[in-house]
Structure formats: structure tokens, C-alpha cells
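What TrEMBL records for this protein:
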BINDING   HIS115, HIS119, ASP309  Fe cation binding site
BINDING   LEU138, VAL139, SER140, GLY141, GLY142, ASP171, GLY184, ASN281  substrate binding site
DOMAIN    28-315  domain 'Gcp-like'
Amino acid sequence: MRILGIESSCDETGVALVETTGDALPRLLSHALYSQIEMHQAYGGVVPELASRDHIRRVLPLTRQVMAEAGAQLVDIDVVAYTRGPGLAGALLVGSGVACALAASLGKPVLGVHHLEGHLLSPFLSADPPEFPFIALLVSGGHTQLMRVDGVGRYELLGETIDDAAGEAFDKSAKLMGLPYPGGPGLSRLAEQGDPTAYKLPRPLLYSGDFDFSFAGLKTAVLTQTKKIGPAAHTEGAPERADLAASTQAAIVEVLLKKSMAALKSSGLTRLVVAGGVGANRELRRQLNEACAKARVRVHYPELHLCTDNGAMIAMAAAMRLQSGAQVAEARYSFDVKPRWPLHELV
Ligand code: KG4
Ligand code: ZN
């Protein structure tokens, strides 16, 4: 069975084709991605209306590219999957509308996918795929969650952020240091030249005894620190700026690391899956690898280029939902989108 996946929940248009054979792990045949980041950088963040319009421009050329690279025709598609939520309503409507129209024209069924489930299952596309059950650390621009995952569609929320997401903490702090949107990758590159102990920044809820997170206070502390440092806090090449970046990253990573290890310990599970854009962070990976090796925990990540939003994870999640019987694809082409949609409400 061949499943086309379309992702358009935020500022990346992604399309991919995966193939399933029996119960074997689905195989990625091809995928294509267009990032709108450069367009939004002029505004310092995503402009929803511009995002929707650009998805319209990109989605069909990307679909043609994916089909050509897989050496397949549109008639070879068995199911069309799309991101139904959560995300920007207008942006979601583009992918959903195109997916349902394409499927209707081909007479094939459609399947709406939860964006976070896409992230969560994206490590199954890697060379070292995980096995159920596992603890998942989902860290993206909009979400920070720890989940217990017993199978496809069997997600128990253990804890989540009560305010900003980890990616948001990276992005907002980076902005205070004069780095372009999205600041996570730039901040982590800058941090490599800095001293992570240079500035004392808060580690909110570190010892709260639960699995919740809070990053809003960190952003405020970074703001206070930039004021104390003065212009050097956002001057290229200034050592203070690199030190502040390293200290900020250290605070975020320490909280993510300690809470993940605590969730593993309390569940008794010995597998950790890290997914979402912040999962690309090298320092987070380094510290998690070290701690997991010590605790005899296997840790899995998506391939680096599949950490941030993409179509492959949507096609993959659809394929795994179909294989596991968690969902059936239907030839019903009326659609809605769910801009807010908690993952643990998914069955
Ligand atoms: O998963 P994603 O592409 O989009 C959402 O679903 O939100 O995640 C984007 C987030 C952004 O906040 C971005 O700054 C962050 O992931 N990010 C990183 C890195 N690469 C992306 N944060 C820290 N270090 C990175 N290397
Ligand atoms: Zn995402």
C-alpha cells in the first residue's frame, strides 16, 4: 500500500510517499520539503496568512516532485494522509483541502493525522527504530510533553509545559540575543563557543516532583541578564553573547534531561524516544546519550533532517495507524481541522 502524506501545519510544506508491506515497518519512498522560514524572518516570527498562501503555492509542485522521485504515478496512491491538527487553522486547511480534493479525484480514501503523533512516530523512519513501549520526550516549537507510549494510539500524558514550550524558550531567548527566527539552531551554534556556567539562570520546576515543565520564567531571566550585560548581549562576536547562549541552552537541557530520566525511572521503562524540532539540539542529544548509557536506557531520535516538520512523519504516522488498526481510511471528503488538539485525546 502506498500512502501520500501532506504536512502544512505551520511554516513548512512537506509531502512524502511511504510504502507498507504486511506488518513490516513502512518504508519511505521519497519526500520533499519547502521551508518558509526565510519569508517569515523579516517579521521575526510566523505570519499565519502568509504561511497559508505559501502552502498553496508549494503543495502541488512538491507532490509532483515526490511522485517523480519515487517513480510513481498519482494512480499508484492508495491513501492520502494530511495533518489535521494541531497548528495554524488557515495553514492546516490548505493541506487538508488539497489532500481531500486529490483523494476525491482519484477515488481513494483519506486519513487525517495528528501532527504530534507524526513527530512521535518519526524515529521509526530512522536506521535504529524503537520498539514499544517507551517514554517519549516531545519537544517542539509549540509543545513540551513527556508521554508513556504503549503502542500506536496508546499515549498517556505524564507531564507537559504549563506555559512556554522548550522550542519557544530557545526562540524567545535567541530573539533577545538578536538572532534570526527560529532561534533554536542559531542559539545552539552560538552556545558551542560559550561557557554554560557563565550566568546563573533558573531551572523552573526542576524539583517539583512531577513531570511538568515551565519555561516562561527562563525567558524573563534571560531578558534581565541581557539588560545587565548591555549591547554585548546581542553583538556578533561578543563573548558575553556566546556565554549567555550557552547558559540558556544549559538551563533548558538540564530540565529536559532530568525530567526525562525521572519519567523513565518511575515507569520502569528502558527506552526513550526524543522527537520534535528541539530533538535536533546537539547538546541535548549529547547529555541524553550520556545519561541513558549510564542508566542502561536505549535512546532513539529521528534522523536529524526529520526532527523539524516534514511530510514523511505524517505519511509514516498514517501508515502505522492503518497497519495497527487504530484507524481506517475512509472515502469521505468533507474535512475539518483541529488547531487545538491534545495528543492524549487521540485513540
Ligand atoms: O517540531 P518543529 O519543527 O515545529 C513544531 O511543531 O513546533 O519545531 C520547531 C522548533 C523551533 O522552536 C526551533 O527553534 C527548534 O524547534 N529547534 C531547535 C533546534 N532545531 C530546531 N532548538 C534547539 N536546537 C536546535 N538545534
Ligand atoms: Zn512540529
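Every residue gets a Cβ built from N, Cα and C, even glycine.
Note: TrEMBL annotation is automatic and uncurated.
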Cα-Cα distance linking HIS115 (Fe cation binding site) and VAL139 (substrate binding site), given in Å to the nearest integer: 13
Candidates near ligand 2 among the binding-site residues LEU138, VAL139, SER140, ASP171, ASN281, judged by a Cβ under 6 angstroms: SER140
Contacting binding-site residues for ligand 1, chosen from LEU138, VAL139, SER140, ASP171 when the Cβ sits under 6 angstroms of any of its atoms: SER140, ASP171
Those binding-site residues listed as LEU138, VAL139, and which of them has the most Cβ atoms within 10 Å of its own Cβ: VAL139
Fe cation site, defined by HIS115, HIS119, ASP309: further same-chain residues with Cβ within 8 Å of the Cβ centre: GLU7, SER9, THR83, LEU116, GLY118, SER122, SER140, GLY276, ASN310, MET313, ILE314
Binding-site residues near LEU138 (substrate binding site), in sequence order, restricted to HIS115, HIS119, ASP309 and a 10 Å Cα cut-off: HIS119
Among ASP171, ASP309, which are binding-site residues, the residue with the most C-beta atoms within 10 angstroms of its C-beta: ASP309
Candidates HIS115, HIS119, ASP309, namely the binding-site residues, that fall within 10 Å of SER140 (substrate binding site) by Cα distance: HIS119, ASP309
